[in-house]
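Written below as structure tokens is the structure these notes are about.
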Amino acid sequence: MENRWQVMIVWQVDRMRINTWKSLVKYHMHISKKAKGWFYRHHFESRHPKISSEVHIPLETAELVITTYWGLLPGEREWHLGQGVSIEWRQGRYRTQIDPGLADQLIHIYYFDCFSESAIRKAILGHKISPRCNYQAGHNKVGSLQYLALTALIAPKKTKPPLPSVQKLVEDRWNKPQKTRGHRESHTMNGH
């Protein structure tokens, strides 16, 4: 019988970022209690030798599974050192990989109080609204003018430590495009 390959998306992440993610998840599971129902599986509870940890986040009938890996082939840069993260959405027997932005939005919808665009309509109708969003990572678009006005009126409260963001976990801060200086500010360009 021939070998059958299963391909999955694994985001290359440096080890310190994975450690920070694990610490934030454990903090919000056990101390702040904001991550109720989340399940953390340690590396020694997994039968797969490359799995470092798994975080299972229930979403009504589905669940989000964020798996961290170690011992993978080294990445393009020396700081990657074979660490990675995969994000999977599971419902029954159906499984699919999702991107970090969508994962953050799903976590945001199901777990954290939000001062969202529906707050505008609720405020106009005289209903009580949540004063702020506890999970800013779940918002990936610019809101309407009314939404921006309401958020300016009620500033979001920063939580210490921050809530675990999947997008922040896989963010590539090393390969962001460099900002170039303007012509007047560049000392090497004009020889001064």
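The backbone N, Cα and C atoms fix where each Cβ goes, glycine too.
Within the set 25-29, 35-39, 40-44, 125-129, the record from Swiss-Prot flags 40-44 under the feature region 'Interaction with host APOBEC3G'. For the region 'Interaction with host APOBEC3F' (14-17), the number of residues in each DSSP class (helix H, G, I; strand E, B; coil) is 3 helix, 0 strand, 1 coil. A strand conformation is recorded for Thr96 (phosphothreonine) in the three-state DSSP classification.
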